[in-house]
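Q: Taken from TrEMBL, the feature compositional bias 'Acidic residues' covers 45-64, 81-91, 139-149. The compositional bias 'Basic and acidic residues' annotation in TrEMBL covers 92-106, 460-471. The annotation compositional bias 'Basic residues' is assigned in TrEMBL to 107-117, 426-439. What TrEMBL lists as domain 'RRM' is 182-280, 288-365. Among the features that TrEMBL reports, region 'Disordered' is placed at 20-155, 414-471.
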Amino acid sequence: MSLFGVDIAKVDQAVASLFATPAPVAKPSRSKRQRLEAESLAAAAEDEDDLELSEEVEEQEEETNQVSKDSKKRKKRAAQLDEDDDEEDAAAEDRYLQKLLDEESKSKKKKSKKEKKSAKQEEVAAEVEEAVEDKSDGSDSDDSEDEQDSDSKDVKLFDATGAAMVHESLLDDKDQLDKAKRTIFIGNLANNVISSKTEYGKLKKHFAQYGKIESIRFRSVAFSEMLPRKVAFIKHKLHEKRHAVNAYIVFETEDAARKSLAANSTVLLDRHIRVDSVAHPAKQDAKRSVFIGNLDFEAEEEQLWEHFSKVGDVEYVRIVRDSKTNVGKGFAYVQFKDSMYVAKALLLNDTKMGTRKLRVTRARNIPAKTTARPLAKPTARVLDPDTKASLNRTKKVVGKAERAKISSYLEGERSSVGGPVSLKSGVRKKSEKKPRIRARSTAFKKNLKEGKPTPGKAAEGQKKKTGAEKK
């Protein structure tokens, strides 16, 4: 017997009995102890589930609390940032408004100053007009002169010696000439006289032996930064590769300036200085000078002194420099105290000074460029129509020479009634003579080329024939 294709003999009898009986299956009875254990296990499982659920709930609550806290912090931060931005915007607006107020106040001050100046100018102009009227009337002239003297005294400034100080631009030509006579030029001076007080004192002491010094000015200073010259001079922003400057010293007397010229080619602050007068500068003597070419742009005068002092006594060295950058242009002049040293100096041609070979030649006196005065252009003369008509009629009457003279004035255009007539001055251009070309000459050349008898030879042959027939 089989059940669902399985042999019943091989099935457990307890299991087979369940399927054999049609009655319902009875629930197996459990002991009391087993029931208690099952209940305790179920209760423990429920407790564990409850604990797990409670822990999950607590974790979820903590997460929600943390999220809410974070969101609150973010909101607070955002609010603080907004407040800071608002404060910054407000501060920026305050600054901008304050700037506008300051600009308005400055403009008002400027306007008030301009108004005051204009009022003063008007007052001065009115006073001048009154003074002129008074002078013209001849009344109160002494009072006006006294007022002008008092005003001029108030304006004048005085130096330490008590002399009146006047700006150079206000000096007369006579005063400027007098100052130039008291001024000397010093070249190849060490640039540390600007930054060092001790070196400046040495310079002043060196020239104070010739007379009392009124002022010292420095020129041809090369600066390291692109600043205004006054600012760079005050901050001592000097160029590292330029170690020489020029100076002007003004003495109180002309005699002191003349005596100081003896300091030319002497050594001061380890440099050979060049001293010359401003009013009467020494002219360059080409017979005692040489021209130096192919010179390094950063070369200095002292290097040339050392290079050419082996030849003879050098009077001065002058490197031609750019007026704005104070950089050399690549050539210089060396003048000796005697012309016999020039021949020796020429032997130094193609010798090296630094990294370059020098080109040494004799110096030449280049004549000053004189601008030729342009020739005056012929002025066109305008004649009225009647005058031109009379000239045209005159041409028919006068001879050949007079006609040529009249035609040199008249233009070759037909005049119009009422219009201006322009005349040209000068001689008419002679037309070029062209050879005359006639049919006879062209035929003669053509016959020569083709080998035919020319008209002249044919005529001669015809004459011979007629002569023979007559005989």
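Every residue gets a Cβ built from N, Cα and C, even glycine.
These numbers come from a predicted model, not from an experiment.
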Q: Would you mind splitting the compositional bias 'Basic and acidic residues' (92-106) into helix, strand and coil residue counts from DSSP?
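A: Per DSSP, the residues of the compositional bias 'Basic and acidic residues' (92-106) fall into 15 helix, 0 strand, 0 coil.
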Q: Looking only at residues six or more beyond either end of the compositional bias 'Acidic residues' (81-91), which have a C-beta under 8 A from one in the stretch?
A: none
Q: Summarise the compositional bias 'Basic residues' (107-117) as counts of helix, strand and coil residues per DSSP.
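A: Grouping H, G, I as helix and E, B as strand yields 11 helix, 0 strand, 0 coil.
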Q: Can you give the mean pLDDT for the domain 'RRM' (288-365), rounded to a whole number?
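A: Summarising the domain 'RRM' (288-365) by its mean pLDDT gives 92.
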